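Asker: Would you mind keeping the following structure in view while I ask a few things?
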């Protein structure tokens, strides 16, 4: 066999092996890609559908937005955020701010009544507070009249959280974009999601009843304040208690944190997701509202005190200088009297001190 023939055969063999290795690598890459796509698809399906289908309360499946996963609620909240942060301000950019005094008065008065109703209902479910000492996860198959009543009330409470979003819409239409803060947006976005999660997984859970009880009380007071403020400047002197609404909100989160700690220790049968929500959300809300209170009230009060102190110091310094100038002028007048034995330099000296 000639050397050329040998080289040719060897080259073909090597090329064939390289082709096979290349094809094998492509096949492995395709297989890995398909596997990863399959895993991603399975994870998406589990997070947004399968988990909620498996763990959902059978008594709530027939209710609106409760048949599947959280995707519809996430779409609603995304549309809300898009409107109040982008679309709404863009629409109002070249338009005058809307007054909306009458719509706001009607809305806030209605929300006072609605939240007072929820507060009364959650009080009736509390069994004089004994329900909050029961740390056993309730049965999803409990169809007692009390359970049915709690589910119906919790469902209405969930839908009322969408109505709460009108707060932000009013801010945007009135061009009060400064009030659309991170705290405001986070609170109005997370609470509907938590209410949906409760309705989907276990609407009769006592952990949510204590939230609904305190939250509806706070909102009754808050919307009463908003309703009164809609009457305009004439009522403003009587609305000195606004800061105490934030204080009540902070107190409610202290209660939530305390209850979450007790629930973590004494609970029986609670899914992990409930414990994590209590551990994470309550301290986070407490931090955000406390930070808001400090910035809005304590720092502004401290700034006002400092400004008053500066004004006082300036006035005090001015009074001292005025008194000294008056004494110098009196001395100058005395020096300029004909019968006074002074010279020109003495007069000049008193005149200079009076000017300075």
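Glycine is treated like the rest: Cβ placed from N, Cα and C.
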Asker: If TrEMBL is the reference, give me the range from 34-61, 146-173 marked as transmembrane segment.
Answerer: 146-173
Asker: According to TrEMBL, which of these ranges is transmembrane segment: 273-294, 295-316?
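Answerer: So the range that TrEMBL calls transmembrane segment is 273-294.
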Asker: Of the ranges 5-22, 185-202, which one does TrEMBL list as transmembrane segment?
Answerer: 185-202
Asker: Is it true that the transmembrane segment (105-126) and the transmembrane segment (208-232) have 3 or more Cβ pairs under 8 Å, skipping pairs fewer than 6 apart in sequence?
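Answerer: Answer yes, regions in contact.
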Asker: With the transmembrane segment (208-232) as the reference, which stretch in 71-93, 185-202, 244-267, 273-294 has the largest tally of C-beta pairs below 8 Å?
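Answerer: The listed stretch sharing the most Cβ pairs with the transmembrane segment (208-232) is 244-267.
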Asker: Report, as numbers and ranges, which residues of the same chain sit near the transmembrane segment (185-202): CB under 8 Å and 6 or more residues beyond its ends.
Answerer: 52, 55-57, 60, 63, 65-66, 70, 73-74, 76-77, 80-81, 84-85, 137-138, 140, 154-155, 157-158, 161-162, 164-165, 167-168, 208, 211, 215, 271, 273-274, 277, 281, 285, 288
Asker: Restricting to the same chain and to residues at least six past its boundaries, which positions have a Cβ under 8 Å from a Cβ of the transmembrane segment (244-267)?
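Answerer: Counting only partners 6 or more residues beyond its ends, the transmembrane segment (244-267) has Cβ contacts under 8 Å with 132, 135-137, 207, 210-211, 214-215, 217-218, 221-222, 225, 274-275, 278-279, 282-283, 285-286, 289-290, 292-293, 296-297.
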